[in-house]
Amino acid sequence: MPALACLRRLCRHLSPQAVLFLLFVFCLFSVFVSAYYLYGWNRGLEPSADASESDCGDPPPVAPSRLLPIKPVQAVAPSRTDPLVLVFVESLYSQLGQEVVAILESSRFKYRTEIAPGKGDMPTLTDKGRGRFALIIYENILKYVNLDAWNRELLDKYCVAYGVGIIGFFKANENSLLSAQLKGFPLFLHSNLGLKDCSINPKSPLLYVTRPSEVEKGVLPGEDWTVFQSNHSTYEPVLLAKTRSSESIPHLGADAGLHAALHATVVQDLGLHDGIQRVLFGNNLNFWLHKLVFVDAVAFLTGKRLSLPLDRYILVDIDDIFVGKEGTRMKVEDVKALFDTQNELRTHIPNFTFNLGYSGKFFHTGTDAEDAGDDLLLSYVKEFWWFPHMWSHMQPHLFHNQSVLAEQMALNKKFAVEHGIPTDMGYAVAPHHSGVYPVHVQLYEAWKQVWGIRVTSTEEYPHLKPARYRRGFIHNGIMVLPRQTCGLFTHTIFYNEYPGGSSELDKIINGGELFLTVLLNPISIFMTHLSNYGNDRLGLYTFKHLVRFLHSWTNLRLQTLPPVQLAQKYFQIFSEEKDPLWQDPCEDKRHKDIWSKEKTCDRFPKLLIIGPQKTGTTALYLFLGMHPDLSSNYPSSETFEEIQFFNGHNYHKGIDWYMEFFPIPSNTTSDFYFEKSANYFDSEVAPRRAAALLPKAKILSILINPADRAYSWYQHQRAHDDPVALKYTFHEVITAGPDASSKLRALQNRCLVPGWYATHIERWLSAFHANQILVLDGKLLRTEPAKVMDTVQKFLGVTSTVDYHKTLAFDPKKGFWCQLLEGGKTKCLGKSKGRKYPEMDLDSRAFLKDYFRDHNIELSKLLYKMGQTLPTWLREDLQNTR
């Protein structure tokens, strides 16, 4: 108070002129403070006058000094979040959003996309105290900045609590302010700029793959760039660039030398402002360096949980050695260049070796100069790796006789032995990838018989495009690796005649598709051809420049391995890919073209009865077989009427094995095949596998009270002399604790787990559309089968219908409905069906009623959502629950 009184007395003694003078001094001081705040970072980025120039003749960028000490930020807590990325996009079809997703998919990172809410609900961020997302990405950072207060606070608190970072993109448009402060942040944006000469801040802590030793000379794509500016210590520039013209950025001053300053196009927020780490991009991902830094940003903000190791394995296959018309083959100088380039590449890739695939029939079929090239190549036989094609370069799927295929291979092997070519590499490639996928069984058997093949590769699994989805699998003891293209094909042999111009090839190499293939794949097998190594030798040009570019801009450790070791490394990294996923060959034209013409997709079933077990599936199987247009599978010698293909070891026998259970259709329009395997229902793998091979199939499931189903399974096991079922009562089985023996727990699971109906149907709904699935009332099927069969026929859409009221009759001795034959006789199921056994004890009934209560409630909700009628037993159960 005394101080305030003194101030009042002082003011009374000041003249108006003195007050104005003091105001002027205060304003001048404010201007100096503002100038320091605005320009401090920018001046810190200017190259020092005495800095030594780099190899490219450009002064190295100087990162700004932090004005405040670093404060502790919540560390990434990998154990507290799932390795899932939440991507907020403008729309499902926006280009930048798709590019972000493509990089995540290529890296095999799991993600979830959401339309960015301006207002409205935010996705659930936690589940039982665990964070659902390890990283948040905003296609448009303004959608994050302008979130309503509730959602913004919700998201920010989540990021702070779980150590989750944010990546955002700012894409200027014609309505963007030239200069503005990002709302709520000590960060200024200057937009709609043209930039050039991009460099990397070597002090940036997020750099991992990116090597900061180069300057990308030239104009950056687009004129809608945004640069970031701040004097707060939380911001660290990552990428820096100059303005294209000599004009200064508006509002940054008219200093004549200011245009030469470096401006941040990507900035890292260290989290010192609000505890959240972020990486902000001043444009989209069209600029290749943004893609590289984006990969590093994902790695840094997730504590390297979402990152690949720095090791990259590269194998370059040269297909069609000795194959090719005159004028496209290698001559003596080309062979020498191949050998010299291999040695040159070994300076960056230890023991790099070209892998040569040959068809011996075409040896010495070129010009004299090309034949001399063949001879020189064979004189270098020990310098390269070798693998066989077919002798006459024929497509294997055209050979239906395995012995003929083996004869062709034997001719190629004889040629190899005669010319000293090693035959024990264990790797082969089929011409045009024929027979590898879709699988031609004869090819796999002949490969093993003649060559002892252990590894092959293809670009066709699961599909040619998009390339980022290509995967590996193992079939019949042969490891199949994904193969990549590199922009070179049999017809691309001259640099100046490259499609789109030579600059297109350079673009693919220097930060383009080929560069990204290596960046985002730990293992890359590249397909090239003999013709790419003659004439302008584009194959050598491509890989020399690619390796140089990778060495200049990345910290990747380039390596190579022979094919068998490479395959072992691949499945060590991607062990989840060992099991194949068979698809309908007729759904992909390329697959159909390399699939045997003797095979037809019409042999696949159009209906699956999936179970679960002990609900009446065998009766339904019998009733469907009575329809003239419906045909069931042939019986299995092991599993009787059930094929059990999609859920177990039979799946690895392939689709040829599966099709053998169905006849070749006489009428593809009316013939309707179906199969019943009751253990498909609760299988974790069957829905996905079935949807891949039979995407248009109809699915039938029969449900009875899960308590009755559990008891029926227990009695079924007793009837088959299961020692565990004979030893323990039903009540002991279903109430067994976690310390019970493994065999007892296994029986308990088979009694109880299939009764989690909603859980299993949800899994099938994730693979098939709801209108492809029909859930039948098992109790009604037992009492009124004709009524149920009318529903089934309508669901299947069969052209002719059967009146089951006239074809079914109740057999009082059996106690269920049977097929009515001529003369009033009936054909019923075997002795094992309809077995009589004691009633379930009341304690077990009460236990199961309580055990399945929540499952049944979820089932009722799910069936309502699917638009299907609730089974009578479920309605009764829910009424009694109330």
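Cβ from N, Cα, C; glycine included.
The feature region 'Sufficient for localization to Golgi membrane' is assigned by Swiss-Prot to 1-169.
Annotation source Swiss-Prot lists transmembrane segment at 18-38.
If you look up Swiss-Prot, you'll see 39-882 marked as topological domain 'Lumenal', on the strength of sequence analysis.
Positions annotated as region 'Heparan sulfate N-deacetylase 1' by Swiss-Prot: 40-598.
If you look up Swiss-Prot, you'll see Asn231 (among others) marked as N-linked glycosylation site, on the strength of sequence analysis. Other Cβ atoms within 10 Å of the Cβ of Asn231 (N-linked glycosylation site), summed over all protein chains shown, number 21.
The N-linked glycosylation site annotation in Swiss-Prot covers Asn351 (among others) and is backed by sequence analysis. Its Cβ placed at the centre, Asn351 (N-linked glycosylation site) has 10 other Cβ atoms within 10 Å.
If you take the C-beta of Asn401 (N-linked glycosylation site) and look for same-chain residues 6 or more apart in sequence within under 8 angstroms, you find Gln442. Here Swiss-Prot flags Asn401 (among others) as N-linked glycosylation site.
The region 'Heparan sulfate N-sulfotransferase 1' annotation in Swiss-Prot covers 599-882.
Taken from Swiss-Prot, the feature N-linked glycosylation site covers Asn667 (among others).
DSSP gives Asn231 (N-linked glycosylation site) a coil state; it is part of no helix or strand. Taking the C-alpha positions, the distance from Asn351 (N-linked glycosylation site) to Asn231 (N-linked glycosylation site) comes to 49 Å.
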